[in-house]
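Each remark here refers to the structure printed beneath this line.
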Amino acid sequence: MAGLLLETLRGTNGETRPVWFMRQAGRYLPEYRALRAEKGGFLALVYDAEAAAEITLQPIRRFGFDGAILFSDILIVPYAMGQDLQFLVGEGPHLSPRLVDTALSSLAAVPSRLDPIYETVARVKAGIGSDRTLLGFAGSPWTVATYMVAGEGSRDQHDTRALAYRDPAAMQAIIDAIVAVTVDYLAGQIAAGAEAVQLFDSWAGSLAPAEFERWVIAPNAAIVSQLRARCPGVPIIGFPKGSGEKLPAYARETKVDVLGLDETVDPTWAHRNLPEGLPVQGNLDPLLLLAGGEELERQTRRILDAFADRPHVFNLGHGIGQTTPIDNVSTALATVRGWRRP
Ligand code: CP3
């Protein structure tokens, strides 16, 4: 029998809730920081399949999360599409040349840059145990495009939103290229052992409604339908961060199997307004994990109670912060594990 997480992603509303945390493998863990110092940087870790598999499993060993998310990054896709990728300490990622001043057609793709990631997936799968679920992932096209165009992270995705208005055909070509690579990449992760996948759309919230339809809903719908045709029965989690009142349309039109919610969404509103029976994932504010105390417990329970009548995977509203006290993670997990569906 599949584990509790996979059952829930498939639509079962069990008596207890599975739990994993976005960015659960990372800098708040001393065992991660030790390995990172030894291997000399983030990208070196991602491309060392043995180390990446070890890091993927670290939070499972420490906390017993129900799911392990592949240790990698959404920017591996632009790297495979031919951009150069660097993670500079304290500065975040850099991609070059940036598409704000270079044509997509001038990039020379290097698809073999995806292969070591599949090896990581296979290694994790061999070590994870059948009651835990291995999650693969990719960035959604809009979010990946914002980094490809600007060459780095940006506060309001200015360059990419401007390009989309100025030259929608060029923007469409970038999005279509990302869709094609992403479908292959996720199918490759599934072939290597991933049992479910998540699409991270961190910057979906920066778009006006018509642009949201074109650059968020349409490309995610394309990925879902193509991936489902190639890999039937593998749950797809969509996480369009910051989408608020557009979430019901996103869920209906992309046909994702599971909807990830950020912490700005009221769980009671979400339960009332989302399609009946649609599994949801989320949505504790990661800052509550920093703060701890009674409020952490109270809000954890409030989310669990609000989603009692639909399948629910407990998670954060976005990634765990690097200064999170480890004891607060344990406290939140104890609350989730002690909860029973009324
Ligand atoms: O969730 C996990 O534990 C799995 C691994 C994972 C990472 N990044 C590892 C990582 C996942 C799923 C991501 C997704 C990702 N990467 C997103 C979407 C989700 C989100 O957070 O909004 C985005 C936008 C990126 C791009 C990216 N990668 C940025 C902007 C940065 C620098 C900022 C930061 O948080 O450090 C990264 C680096 C990165 N990706 C680290 C990790 C563990 C930190 C590397 C380090 O310094 O050790």
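Placed from the backbone N, Cα and C atoms, the Cβ positions cover glycine too.
Remember, TrEMBL labels are computer predictions, not curated facts.
Noted in TrEMBL for the protein shown:
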- 18-27: domain 'Uroporphyrinogen decarboxylase (URO-D)' (DOMAIN)
- R23, Q24, A25, G26, R27, D73, Y147, S202, H318: substrate binding site (BINDING)
- D73: site 'Transition state stabilizer' (SITE)
- 135-151: domain 'Uroporphyrinogen decarboxylase (URO-D)' (DOMAIN)
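Distribution of TrEMBL features across the structure.
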{"residue": "R23", "record": "substrate binding site", "Cβ contacts under 8 Å, 6 or more apart": "G319, I320"}
{"residue": "A25", "record": "substrate binding site", "Cβ contacts under 8 Å, 6 or more apart": "Y32, I55, T56, Q58, P59, I69, F71"}
{"residue": "R27", "record": "substrate binding site", "Cβ contacts under 8 Å, 6 or more apart": "R33, R36, Q322"}
{"residue": "D73", "record": "site 'Transition state stabilizer'", "Cβ contacts under 8 Å, 6 or more apart": "F42, V46, P93"}
{"residue": "Y147", "record": "substrate binding site", "Cβ contacts under 8 Å, 6 or more apart": "I74, L75, P78, P93, L95, G153"}
{"residue": "H318", "record": "substrate binding site", "Cβ contacts under 8 Å, 6 or more apart": "M22, S202, K241, D262, E263, P286"}
Against which stretches of its own chain does the domain 'Uroporphyrinogen decarboxylase (URO-D)' (135-151) lie, if we need a Cβ under 8 Å and a gap of at least six residues from its ends?
20, 67-70, 72, 74-75, 77-78, 81, 83, 93-100, 121, 157-160, 163, 171, 174-175, 178-179, 182, 185-186, 189-190, 194-204, 206-207, 215-216, 219-220, 223, 237-238, 240
Across the domain 'Uroporphyrinogen decarboxylase (URO-D)' (18-27), what are the DSSP residue counts per state (helix, strand, coil)?
0 helix, 1 strand, 9 coil
Please count the residues of the domain 'Uroporphyrinogen decarboxylase (URO-D)' (135-151) that DSSP assigns to helix (H, G, I), strand (E, B) and coil.
10 helix, 5 strand, 2 coil
Coarse DSSP state, helix versus strand versus coil, of D73 (site 'Transition state stabilizer'):
coil
Which sequence positions outside the domain 'Uroporphyrinogen decarboxylase (URO-D)' (18-27), separated from its termini by at least 6 residues, show Cβ-Cβ distances below 8 Å to it?
3-5, 8, 33, 36, 55-56, 58-59, 63, 65-69, 71, 133, 135, 313-316, 318-320, 322, 329, 333, 336-337
Among the recorded positions R23, D73, Y147, name every one whose Cβ is found under 6 angstroms from ligand 1, counting any of its atoms.
R23, D73
Could you please provide the mean pLDDT value for the domain 'Uroporphyrinogen decarboxylase (URO-D)' (18-27)?
96
